[in-house]
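**Q** The transmembrane segment annotation in TrEMBL covers 6-23, 30-52, 58-75, 87-108, 114-132, 144-161, 173-194, 206-227, 233-254. The domain 'EamA' annotation in TrEMBL covers 7-130, 147-277.
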Amino acid sequence: MDPSVFMAVIAAAAMHAGWNAILKIRLDPFVAVVLVNCACGIIALPVALYLGLPDPHVWLWILASVVVHLMYYLTLSGAYRLADMGVVYPIARGTAPLLTTILSVALLGEAVDAQGFLGVVVLATGILAIAWRRRGMAALNGTALRLALSCGVSITIYTLVDGLGARSSASPHLYTSWLFVVDSLVLLAVGLAWKGRRELKPALSFLGPGLAGGAMSLTAYWITIWAMTRAPIGLVAAVRESSVLFGAVIAVVVLREPLRAERIVAAALILAGLVLIKLH
């Protein structure tokens, strides 16, 4: 992978972990996601209007991505209601890069050699290792596990859709800006229909964190979509999921969570996977 692309996606991974840390606020998880997505849409709108409208065929990719993103939000929030975030999130994020790489090679014919694929496998194993806690895994019932895995499948699908959509567009920036605008409008409409205005209103008290989280979320995924036009989608997806490593660092250093043995093992595996992918 080109060094500039690799370092850009690493920066995106750090920002992804950062906005997730910001969202440790006293809000329903789904309401918090609506808040951040609305911030993304507001920030992206001026760029979208400046760049103009995408070609008609690009709208199909954007709409497909929005639908799959909605599946992601619903499966993730559903899993969080049934199991600990520290178990659900690594399962969803750990399965996605492996599935994405396999499908991008099998369906799109992308070139990933044995070393690159090994890097993805090692990195995914490291992410999954974070969830491997006896108490956490024991508390993960069948429904929560199915939702977490469904979330991983959703991540895989929207990653492939966005990679292909950006490649089919006049520019990845045109595609990404309109994706964020449409996604925010659809999610806000779903939130109002599902939760109602009264349940969404508390989000107004967290506009500062919401805007900060939205800016980081938008920048992180914007970089990722751009990178998928410059490198194999599966490898970009794998490097992006190193956000779990940055999240673990934030948890230990900032949130003062204990440095457990599985986090050390997971960090070593993720770093080893990143080295293999970088050398691809």
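Heads up, the Cβ atoms here are built off N, Cα and C, so glycines get one too.
Context for these features, please: burial, neighbours, distances.
**A** Remark: secondary structure over the domain 'EamA' (7-130) totals 107 helix, 0 strand, 17 coil, with classes taken from DSSP.
Within the chain, the transmembrane segment (58-75) has long-range Cβ neighbours (under 8 A, six or more residues past its boundaries) at 30, 33, 92, 147-148, 150-151, 154-155, 157-158, 161-162, 164-165, 168-169, 174-175, 178-179, 182-183, 186-187, 190.
Counting same-chain residues at least six beyond the ends of the transmembrane segment (144-161), those with a Cβ under 8 angstroms from any Cβ of the stretch are 61, 64-65, 68-69, 71-72, 75-76, 78-79, 82-83, 87-88, 91-96, 99-100, 103-104, 107-108, 228, 233, 237.
Sequence-distant contacts of the transmembrane segment (233-254), counting only residues of its own chain at least 6 positions beyond either end whose CB sits under 8 Å from a CB of the stretch, comprise 1, 5-6, 9-10, 12-14, 16-18, 20-21, 89-90, 93-94, 96-97, 100-105, 108, 110, 112, 116, 119-120, 123-124, 126-127, 130, 156, 159-160, 163, 220, 224, 227, 263, 266-267, 270-271, 273-274, 277, 280.
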**Q** Hey, which bits of the same chain come close to the transmembrane segment (30-52), Cβ under 8 Å, at least six residues off its ends?
**A** 19, 23, 73, 77, 171, 173-174, 176-178, 180-181, 183-185, 187-188, 191, 194-195, 199-200, 202-203, 206-207, 210-211, 213-215, 217-218
**Q** Among 87-108, 173-194, 206-227, which stretch has the highest count of C-beta pairs below 8 Å with the transmembrane segment (114-132)?
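**A** Per the Cβ under 8 Å count, 87-108.
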